[in-house]
Amino acid sequence: MTKFVFVTGGVVSSIGKGIVAASLGRLLKSRNYSVSILKLDPYINVDPGTMSPFQHGEVFVTDDGAETDLDLGHYERFTDTAMSRLNSVTTGSIYQAVLNKERRGDYMGGTVQVIPHITNEIKDRILRVAKDTNPDVVIIEIGGTVGDIESLPFLEAIRQFRTEVGRQNVLYMHVTLIPWIPSAGEMKTKPTQHSVKELRSIGIQPDILVCRCDRPLYPGIKDKMSQFCDVPVKSVITCQDARSIYEVPLILEREGLAAQVLSLLNLEQRTPDLSEWQSLVEQLYRPKPPVEIAIVGKYVRLTDAYLSVMEALRHAAIAVGCELNLRWINSEDLENNNPEAYLGGVTGVVVPGGFGIRGVDGKIAAIRYAREHQIPFLGLCLGMQCCVIEWARSIAKLTDANSAEFDPQTSNPVINLLPEQQDVEVLGGTMRLGLYPCRLLSNSLAYQLYQETVIYERHRHRYEFNNAYRNLFLDTGFVVSGSSPDGRLVEIIELPEHPFFIATQFHPEFRSRPNVPHPLFKGFVQAARTHSSDRSNGHTPSETPSLSV
């Protein structure tokens with residue numbers, strides 16, 4: 001029988017429920033338990049695919065093409081397990097499903113209500129994850145904060161869930177904040193008491209409290225929490241702020257979280273193997289030579305919009321053995337200013353994905369700067385499309401070249417709409433999404449990094465390289481090193497005369513793991529480290545460095 005752990009949050013939003021859920025997943029997996037993690041988001045959007053990055057942050061894409069919350073990225077990276085569209089549920093998708101059933105007549109003329117129809121649909125989605133993958137434990141994170149009106153149907157559903165599947169199969173974990181008040185010189189438990197009181201008024205009694213704090217809980221705090229929240233002292237878990245999110249599983253292991261979860265769910269206590277994770281964190285904190293990577297993007301005001309890119313760079317830096325310093329650059333700032341003022345001194349440039357014309361000329365300026373100054377470069381999705389435009393204008397002498405997305409009337413649309421997108425009118429969920437194969441050119445940098453002929457990567461785009469210009473580009477030194485198996489879609493481009501210049505139509509960042517860095521990011525960071533070393537020694541790189549994978 002699958003066990004279920006529900007993770008709620010109290011006091012403040014963005015308290016770290018996703019990291020706690022992902023960390024618990026890692027701890028259970030280290031004990032050889034199979035785990036799946038589900039995110040219940042209370043917003044009414046069907047999915048985050050059409051939401052502004054400034055409001056939502058990154059849209060994480062799964063293998064099966066679901067556009068999901070960024071927390072699913074944490075789940076995958078911590079557990080090294082691929083999630084699917086079943087692992088992401090929103091209020092909008094629940095209501096959409098219920099209304100579709102009502103229109104079909106599935107409810108036989110009954111009055112459709114929050115209870116039981118909405119709550120039943122929520123419970124069905126949870127059970128579907130258990131049925132699909134048959135894990136030992138399903139961890140369910142409920143988005144938002146206890147007390148939010150949007151979360152009430154989810155909380156009611158998980159209250160009912162315990163009765164329906166058996167009390168011995170369900171555990172409630174509440175992540176809360178214990179703030180330090182400097183003027184009083186003490187930690188305050190009252191916000192947590194009120195949060196737990198709110199949960200109990202709904203009918204949910206937490207079994208475990210995970211207490212976020214910026215310092216150790218001093219003696220007596222756990223006893224007080226236990227007394228006022230009706231939770232055993234050993235189930236009051238300290239989760240102190242860490243330098244890196246990857247240390248959190250180790251902190252929670254020391255606090256005995258996994259052992260307590262297994263005890264409450266009547267599961268066998270097994271010895272964890274966290275040696276690889278411990279080594280990862282030790283490498284992360286070890287002093288190393290620095291590399292400074294510029295991320296030139298449109299949404300840098302909210303860096304969570306590029307969360308998987310940041311994490312993939314961190315994974316690579318750990319593997320390569322260097323200290324990662326990120327320089328965030330708003331691409332709009334480069335449109336009317338000298339790129340040298342913003343990019344001078346960096347050892348690598350990343351131009352990530354995005355949509356729309358705003359800031360595109362700044363991205364193109366950054367690409368030109370990296371190309372001309374022999375700085376290691378990595379372009380992702382829109383970053384690749386901007387590389388194509390820059391090459392067309394600067395090298396192929398098509399000065400008016402553009403993407404049909406930015407200028408539908410351009411006489412040289414080097415980037416064009418995918419044929420299957422021509423008649424699409426609805427924006428949500430209609431892009432080229434999910435995992436697709438890509439065939440690599442054998443004598444290319446891409447092949448040198450991947451060491452495979454056919455790779456699989458995740459996509460999220462509507463536009464592609466226009467093959468009408470392919471021969472012109474190839475004649476000017478442009479290399480298409482990766483394409484769809486039928487040769488129609490350009491997936492990877494590179495410049496062999498550059499120390500490291502590669503760009504992809506797909507999003508490699510979604511498949512990077514802390515213990516298995518993505519080969520493109522590892523190669524890029526290694527090239528950035530070489531560039532930094534050469535610059536320190538007064539050398540100018542003139543050829544592609546030898547890259548180990």
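Quick reminder: no glycine exception, Cβ is built from N, Cα and C everywhere.
Residues Ser14, Ile15, Gly16, Lys17, Gly18, Ile19 are given by Swiss-Prot as ATP binders; from Asp63, Asp64, Asp69, Asp71, that same site also lists Asp71.
Among the candidates Glu323, Glu332, Glu405, the residue that Swiss-Prot names alongside Gly354, Leu382, Gly383, Met384, Gln385, Arg462 for the L-glutamine site is Glu405. In Swiss-Prot, the CTP site is described by Ser13, Asp148, Ile149, Glu150, Lys188, Thr189, Lys190, Pro191, Thr192, Gln193, and among Lys101, Lys222, Lys224, Lys234 the residue recorded at this site is Lys224. According to DSSP, Gln193 (UTP binding site) sits within a helical segment. Ranking the binding-site residues Thr189, Gln385 by other CB atoms within 10 A of the CB puts Thr189 at the bottom.
Between the listed binding-site residues, namely Thr192, Gln193, the fewest other CB atoms within 10 angstroms of a CB are found at Gln193.
In this entry, Ser13, Asp148, Ile149, Glu150, Lys188, Thr189, Lys190, Pro191, Thr192, Gln193, Lys224 make up the residues listed for CTP, with the farthest two CA atoms of the set 31 Å from each other. Whole-number maximum of the Cα to Cα distances across the L-glutamine-binding residues Gly354, Leu382, Gly383, Met384, Gln385, Glu405, Arg462: 14 angstrom.
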